[in-house]
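Participant: Encoded as structure tokens, here's the structure I'll be asking about.
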Amino acid sequence: MATPSQHDLRNDFRALLASGKCYYTASTFDPMSARIAADLGFEVGILGGSVASLQVLAAPDFALITLSEFTEQATRIGRVARLPIIADADHGYGNALNVMRTIVELERAGVAALTIEDTLLPAKYGHKSTDLIPVEEAVGKLKAALEARIDPIMSIIARTNAGQLSTEETISRVKAYQAVGVDGICMVGIRDFAHLEEISQHISIPIMLVAYDNPELRDRERLAANGVRIVVNGHAAYFAAIKATYDCLREQRGIAEGTLDASELSTRYSTLEENRVWANKYMDVQE
């Protein structure tokens, strides 16, 4: 089966946004996972920033991965993907000018869409890891992203954290981002349908949710009715791969089965703990 062109996959993603339906993403962290996801019928995949950091660096989601490293992984996937790939481009790897560079590089990598978030990254001294930048700065970064895009079919999605804001603040932000001309709004931290409905009535473009398999947000028809077109429910496939690797190697060494689950294994074998210590010691960052 021939691999579709980047332009075709971007058009496919646009069709998903315009379909009136809600789709779940596959966690596509390397070329094989992307091809498996397409063969199993997934309509869209996502390369998560946290997953890329673990896969490339064995590092936690502390904005340690560089644009070049992330783009290299996206390029490997984009070279053979048979479904549209969303790239979690974090904060665009810096200020508005860095965002422009991010757009250029990820567009060349072949992604169908990418998200740019308003989190203050990398975390600053004395700040929380979930702090957000001022809305004016975020608007400037989104305008820069749209300016840098060459293929107008590639979708640019603005992301914010509704769990760190009041409902009124969230509405104010998404309205400001929508006015810039982005192709969608991505939100993390939506608690339930009441929370979603209060915000979604102010959004006239497609919505993407990072829901982490929230049991309060599992009614796909109701999600679609509220404008939600894409839902990210975590990266179970990636963590299952970690667990499978551990179990295979453990059995080859004749070691008895342990009690660690996939999440605990990723913590044990990543550099999470030392980075937490360093962040608290040198930057006074609070999670």
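Heads up, the Cβ atoms here are built off N, Cα and C, so glycines get one too.
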Participant: Select one of His202, His235: the residue that Swiss-Prot places in the substrate site alongside Ser50, Arg159.
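Facilitator: Site partner of Ser50, Arg159 for substrate, according to Swiss-Prot: His235.
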Participant: Would you mind checking how many other C-beta atoms are within 10 angstroms of the C-beta on Asp88 (Mg(2+) binding site)?
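Facilitator: Summing over all protein chains shown, Asp88 (Mg(2+) binding site) has 24 other Cβ atoms within 10 Å.
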Participant: Taking only the Cα atoms, work out how far His235 (substrate binding site) lies from Asp88 (Mg(2+) binding site), in Å, as a whole number.
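Facilitator: Cα-Cα, rounded: 13 Å.
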Participant: For Arg159 (substrate binding site), just give me the three-state DSSP call.
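Facilitator: Strand, per DSSP.
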